[in-house]
Amino acid sequence: MYPAHLLVLLAVCVSLLGASAISPRPLNLIQFSQLIQCANKGKRPTLHYMDYGCYCGKGGSGTPVDALDRCCKTHDDCYGQAGKKGCIPFVTLYNFGCFPGAPQCGKGNTCQRFVCACDLKAALCFAKSPYNNNNYNIDTKKKCQTLIYARLQTQ
């Protein structure tokens, strides 16, 4: 075997070893995005919900800033309940359909049905809640503190 071939083989092996250490991506976020688009009939891009208020996006704390942010807190809480049932919401794939009336969850196992129900409820909530541009990309350290933490900061 030529030395160049050995180098290529070594590079492939190292790449595969590195890839095996990467944690799984949140696969069902693609499905959640599709449910959101179905529920709001494509009127607002899903990205607009990824950094909104105190709960829409990664993490969450404090008091939701409005109805839309409450949808996200409820969704986070629902995923927490799914975890208590032994489900892994961010990687649970499920069946759903986008029908003229609204999106609907399809058949599946207990975790698939539960996670789909969480996502469906949130998507429908997003569709009916007003979107306030002032709550996009807010300073969560200032506006999303818990009451106890905020009181400690003022003492």
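Glycine too: its Cβ is placed from the backbone N, Cα and C atoms.
Model, not experiment: these values are computed from the prediction.
Recorded disulfide link (Swiss-Prot): Cys71 to Cys125, out of the candidates Cys116, Cys118, Cys125. Ca(2+) is bound by Tyr55, Gly57, Gly59 in Swiss-Prot, and the record lists one more residue there from Asp76, Asp77, which is Asp76. Which of Cys13, Cys38, Cys118 pairs with Cys78 is settled by Swiss-Prot: its disulfide partner is Cys118. According to Swiss-Prot, the cysteine that forms a disulfide bond with Cys144, out of Cys13, Cys38, Cys54, is Cys54. Within the set Cys56, Cys87, the cysteine that Swiss-Prot bonds to Cys72 via a disulfide is Cys56. Taking only the Cα positions, the spacing between Asp119 (active site) and Cys111 (disulfide bond) is 12 angstrom. Ranking the recorded positions Asp76, Asp119 by how many Cβ atoms sit within 10 Å of each one's Cβ puts Asp119 at the top. The Cβ of His75 (active site) lies under 8 Å from the Cβ of Tyr55, Cys118, Asp119, Lys121, Ala122, Cys125, each on the same chain and at least six residues away in sequence. Highlighted in sequence order, Cys54, Cys56, Lys58, Gly60, Cys72, Lys73 have their Cβ within 8 Å of the centre of the Cβ atoms of Tyr55, Gly57, Gly59, Asp76, the residues recorded for Ca(2+), and are not part of that set. Counting every protein chain shown, the Cβ of Cys144 (disulfide bond) has 21 other Cβ atoms within 10 Å.
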